Structures are given as C-alpha cells and as structure tokens.
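Asks: The annotation active site, N6-AMP-lysine intermediate is assigned in TrEMBL to LYS126. Among the features that TrEMBL reports, NAD(+) binding site is placed at SER83, LEU84, GLU124, ARG147, GLU199, LYS336. Sequence annotations record features per position, and here TrEMBL assigns Zn(2+) binding site to CYS430, CYS433, CYS453. Annotated domain 'BRCT' per TrEMBL: 609-686, in sequence order.
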Amino acid sequence: MTKKEAAKRIAQLRKTINYYSYQYHVLDKLDISAAAWDSLKHELKELEDAFPDLITPDSPTRRVSGQPLDKFIKVSHKERMLSLEDAFSPEETAAWQERIQKLVSASAKSAASNPRDKLDYFAELKIDGFAISLVYKDGLFAVGSTRGDGRTGEDVTQNLKTIESIPLKLEIRNGWPNDNIKKKVEALVKKGEIEIRGEVYMTKSAFKKVNREREKEGRPLYANPRNTAAGGIRQLDPKIAADRQLNFLAYDIVSDLGQKTHREKHQIARALGFKTDIGGYCRNLDEVIAFWERVEKKREKIPFQIDGLVVQVNSDNLFKKLGVVGKTPRGAIAFKFRPAETTTVVEDIIVQVGRTGALTPVAKLRPVKIGGVVVTRATLHNEDEIKRLDVRIGDTVLIQRAGDVIPDIVGAIKKMRTGKEKKFVMPKNCPICGGQVVRSEGEAVHRCVNKKCAVIQKRQINHFASRKAFDIDGLGPKIVAQLMNEGMISKSSDIFTLQEGDLIPLERFDQKSAKNLINAVKESRRITLSKFIYALGIRHVGEETAINLANYFSRLEKIKKAKLDDLLKVKDTGEIVAKSVREWFNDKSNQKLLADLVENGVEIEKQKTVKRKLAGKTFVLTGQLEEFTRDQVKDRIRRLGGDVSSSVSPETDFVVAGAEPGSKYDRAKKLGVKIIGEKEFKEMTR
C-alpha cells in the first residue's frame, strides 16, 4: 500500500470508528458487531504504525498515549466554574423561585421586559461526579481542565482523552436548534474555540468491577464511584484513568454560539457528538417537582450515582441578569433528594470472622433511622479502610446506605471529637478461637489461620450445604450451629455420618423432621464436579471458576494433581486463583477431608462431555422467569460453554427476557442485541 492509499484508508477508518464510538457512547446503540468495531481499530493502529507521520492528535488510537506527567499545569478558566446552592425539599425550591421572581419583577420595572424572561426551567440529573471543562480549538480537543477553585484548575487533557465519550474532534451531526446556530458552530469548528463543560463519572457497574478486581488482589477497596473517578482524572499516568472506564456527560456550553436557552445548549452538545442526560424542559415549578419525584423513585435503576436535580432558569438572558452571589449563580439550584445519609456515633468496633478466616471490622452504631430503616451496624472492610477514614470508637460519623441497602461509614466528623475517642487496633489473635492472625504481603485482609476455629468451620459447613453447593434442604445456619454445639459435626464430611436417631432427641426435631433431613443428606450425596469444587470453599473460587475448572479437567483426580501451569490454562484463572487452588489441594487437612467425603458416600459425577454449543456466547438475564429459576438458566448456559454477564453491552449475544423486564431490555433494544424468551432459550439449549 502506498502512502497516499494509506492516508485515504486511515481517513476512512477514523471517520467510521468515530461514528460507531458516537453511536455506542452517546446514542446507546451499535449497528456493527463489537468484533468488527475492534477489527477496524486494529487495522487503523497497524496502518499508523506503518506510516507514523500520518498520525494526528485526533486519531482514535491516541486516547492513551504518552509518558506519565511529572506534574499538572495550572489553567485559568475564561469564565468562572461556579458551585450551586442546595435545596432539600419542594418547599425550599419554591422559596428559591420566590426570591428570583422578586428579582425578575424588579428588573422588569426598571427596563423593557424581554418576552423570553419568563420563569420556565430546565431540569437535569445532578451526577455525583467530577466537573471539568473541555476547550476545542479549530474543532480539535485542545485542553481539558478541572474546576479547581473555580477560577484556576489543572490541565488533565491526557487523562480526559482516555474517555471514549469525549470526542477528540468535533463533528457536525443532526438535531440543531436552528440553522443560524449550526452555521456559527460550523465556522468555529473550522477556525475558532468552543468550550463545553460537564461531569466525569463512573458507572455503578464499572465501580463494582474495579472493586471486585481489587478484592481479588487483596488491595483496599475504593470508597465510592465519585472519588474513584476524580482520583483517576488526577493521576499523572493516563493509563490509570483509562483502566477506570470513566464516562462524560455534557451539561453546559460556555461559548456564545447563538443559544438563547439552556435547553438549546443540550441540543447543541448532542449535535456535536456529546452525551447529555435525561433532563428536560419544565414549564413551571410544579413540573420540576413532578420530575424530581419521578427520578427519585427510579434513582437506583439509573446506571450512575445521582443525588438530585440541577434546576436552572431556561432563559440564558434571564440567567445572566440574575447574576452571581459569591460562588453560586442565582438562576440555578441543586434540588437534592431526601437524604440517604445521616450522622450517628460509633459505640464500638467489633471483629467478625468469615468462612475463609478473614477478619472484618464492623462498627456498632448508636441506632439511627436512615431511608426509613433503623441502622445499627456498618462494615469497615479492613484495617486500611479504618486508617483511611480515621474512624475511632466514640466518633460521630457520617453514614450512608450505599444503594439504599448496605450502610457505609463515609467518614468521621473530627470537629466533634472530645479527646475520649479510642483508636481501633486489629487483634493479633482470633476473637473466636484465640488462634494466630496474619496479614499476607500485598493483602489488605487479616486472617485467622486456625483451621479448627469454630466460626470458620461453621461458615464453611453453611457454604458446603448451601443451594449452589450440595443443596441440602433443611440444613440451614441455625441447624448447623445446633449440631456443632451438640458436638455432632465439626467439619463438612461429618454431615454424611448423621443418623435419624441422633437428631430426634434434639430441640427443633421430631421423627418427621429428622427423617426429612437425613433423606435430604442422602439425596445430596451424588453431585456434579463443578458444584463439588464450589462446595469446598476454596479461596477465590466462586461458582464460575468452579465450572471452568470442572469443564477443563473433567475429573477431581486431575485437579488434585494439576500443576500451577496447568491451572493457569483454565479460562479466567489468573495466578492468584491458581495458587489458591494448588495450596488448597496440597494441604493435608484438606486431603483428609476429601478422603472422608468419599468414605462417607459422596459420589462425584464425571463432568459430562457435552457439545459446547454456546461457546463464546454471552447472555444477560432480565425480568421474572416462569419455567426456570435464574440459577438454572445460568447453569445451563455455563454448562454449554457460554458466559453470563450482569450488564448489556455490544459484546452481549443474547438477552433472555422474562415478565416485566427492566432497563437491560431497553438497552438491548437500543444496541440491537437479540432478545429471546424462555421458550426460545429452552430450544436453544436442548
């Protein structure tokens, strides 16, 4: 290929790749397969490698490039980046409207009124993210900066280039408010400057994924998506920002493009290739409040964290007339949701011991109501997290219900300290058995290493008997605790030595219930290899890894003898998991457990060699299934070589939809992912 031919092909590839990037990141759809999209990117990179002098700053391959910076350069904002006043109820928002109404009325008396100067509004989601400014020169992304103190921020251009939803080059698309604005923008894209402002954020699913990886690696967990996004943008190495899978939503245009309303700013941003949120025009305050109530009800279904609405006077002219007080504009307000946060006191910090011996510090809180639920405890995760938060016994702390479910401590209110607070010290001995506690190098977790620790044994037995493992009906945590207290069982293999006559004299048992449990134990003796591996409770081995191990080795004996290199060949098995499996099978007490299980009648079915007709296919489930449980569907998919994902993306092949499907169904339709029902799924997996 000649250089001229390469230049032509490169231009075509860039245009096509940018179009599909816009489709995916802005329109939530994709008219091409993910594999084809990746192939186009790969071809572009190969051509640019072959002809490096054809590389330009706006190429899609330039998103992650360059060496880490030594420091960030300061950037002055042409127009101040302001903060917003908060309102926490419809009444407070009405009071804000009353204040600006008086100013509008006074202004109308002293000057000729403008027909646009009426109090209508634009309401948009208040994303819990990180405000940034993007400056485009001659249509190319030139400078991206943080808010800083409002007047001066930091140049974080290299990091912002890693965000796929930020265009490296502005392109004129459809949906302009009017032709005059379009013509002015077209001229500025050729020669001139345009400044866009918006929010960098991390989706809930991306945040969970990052924390799952950190947990596997034994590293401290990130506190929340907002801090993780902000931290990624303020790293000197752009590769770190790229790894965080950040997103961007535009909410303001600083440049004068002829826009008259905030609504038009959103239209312009979308027409330039930016993503904006689901905000909308409201004719009056009643419509604002109705929108606020609708969004609050469905906030947990929104893929990123929000804490309210930003309500702004729609007229640009009126917004400017209303002016600024301190650092806040009079013409906009943050209409916050009812708080899912409150303060309370840490009365004590206790330590719980988990199935793998992990010691987890838990804060005992003075009972407090939050989001309609009384909260008395909150996890503190590990010692590093306590140090990071600097939480002490006796502290007044701010707590929140993450996802309105699990309470988390956000931090201590240090100004409330009296000097009587006590620092927490991780125990050197297990609080249950007194055994040694160790923290392995590179891990954030302390563990009890005594395998005979009663709590570890109890939780291991609970795991062993659980639905996804041996599925022993009637052997729940209370019965396990009772049998352990009576000295009838101390390890998983003891379950299969129980006799009906042993159970009848015990509290909670009579002849019928004793017989039912023994029958359930007998029925569970025959088990698939994947469920057996999962039941063993090997550290880092969850349900999917157990299935992958079973599919690869097909027999337990092969897994027992497998070397580290063999284990690393198993799908999605890294060094940490492989070492954990190898260490478990090398342990003599575990070898004894396996022997006891076989001696007590456990039969492991040989992994059936089935046609892996779903190999390479990814499925997502949504809605209420009738004929199958979700676990049954997942098991079928994995057994036939497929993968199950929790979110819909261009890589998804099928969405299995039941009754009342959720947002995954809508996203699948937008992306053109095939949606099938239970009947079609059943046919597919026969």
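Cβ coordinates come from backbone N, Cα and C, glycine included.
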Asks: Using the alpha carbons only, what distance in Å do you get between CYS453 (Zn(2+) binding site) and LYS336 (NAD(+) binding site) once rounded?
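Replies: Cα-Cα distance, CYS453 (Zn(2+) binding site) to LYS336 (NAD(+) binding site): 48 Å.
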Asks: Take the mean position of the Cβ atoms of CYS430, CYS433, CYS453, the recorded Zn(2+) site. Which other residues of that chain put their Cβ within 8 Å of it?
Replies: VAL353, GLY357, ASN429, PRO431, ILE432, GLY434, GLY435, CYS448, ASN450, LYS452, ALA454, VAL455, ILE456
Asks: Please state whether DSSP places LYS336 (NAD(+) binding site) in a helix, a strand or coil.
Replies: strand
Asks: Are there any residues in the same chain, six or more apart in sequence, whose C-beta is under 8 angstroms from the C-beta of GLU199 (NAD(+) binding site), and if so which?
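Replies: When sequence neighbours closer than 6 are ignored, GLU199 (NAD(+) binding site) has ILE127, GLY129, PHE130, ALA131, ILE132, PHE248, LEU249, TYR251 within Cβ distance under 8 Å.
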Asks: For LYS336 (NAD(+) binding site), which of the recorded positions LYS126, CYS430, CYS433 has the nearest Cα in space?
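Replies: Ranked by Cα distance from LYS336 (NAD(+) binding site), first place goes to LYS126.
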Asks: What is the Cβ neighbour count of CYS433 (Zn(2+) binding site) at a 10 Å cut-off, with all protein chains included?
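Replies: Taking every protein chain into account, the count is 17.
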Asks: Would you mind splitting the domain 'BRCT' (609-686) into helix, strand and coil residue counts from DSSP?
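Replies: Result for the domain 'BRCT' (609-686), in helix, strand, coil order: 26 helix, 17 strand, 35 coil.
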Asks: Other than its own, how many Cβ atoms are within 10 Å of the Cβ belonging to LYS336 (NAD(+) binding site)?
Replies: 20
Asks: Rank aside, I only need the closest one: which of the recorded positions LYS126, CYS430, CYS433 has its C-alpha nearest to that of SER83 (NAD(+) binding site)?
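Replies: Sorting the recorded positions by distance from SER83 (NAD(+) binding site), the top entry is LYS126.
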Asks: So among the recorded positions LYS126, ARG147, who's got the most Cβ atoms within 10 Å?
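Replies: Counting Cβ neighbours within 10 Å, the top one is LYS126.
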Asks: From the Cα of LYS126 (active site, N6-AMP-lysine intermediate) across to the Cα of CYS430 (Zn(2+) binding site), what is the distance in angstrom?
Replies: 45
Asks: Report, as a single number, how many Cβ atoms besides its own are within 10 Å of the Cβ of CYS430 (Zn(2+) binding site).
Replies: 23
Asks: Helix, strand or coil by DSSP: which one applies to GLU199 (NAD(+) binding site)?
Replies: strand
Asks: For LEU84 (NAD(+) binding site), which residues in the same chain are close in space, meaning a Cβ under 8 Å from its Cβ, but six or more apart along the sequence?
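Replies: Sequence-distant Cβ neighbours: VAL310, THR328, PRO329, ALA332, ILE333, ALA334.
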Asks: What same-chain residues, at least 6 away in sequence, bring their CB to under 8 Å of the CB of GLU124 (NAD(+) binding site)?
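Replies: Set apart from GLU124 (NAD(+) binding site) by at least 6 residues yet with Cβ under 8 Å, we have TYR251, HIS266, THR276, ASP277, ILE278, GLY279, GLY280, LEU309, VAL310, GLN312.
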Asks: For the domain 'BRCT' (609-686), would you mind checking the mean pLDDT of the predicted model?
Replies: 85
Asks: For a quick check of packing: other C-beta atoms within 10 Å of the C-beta of CYS453 (Zn(2+) binding site), how many?
Replies: 20
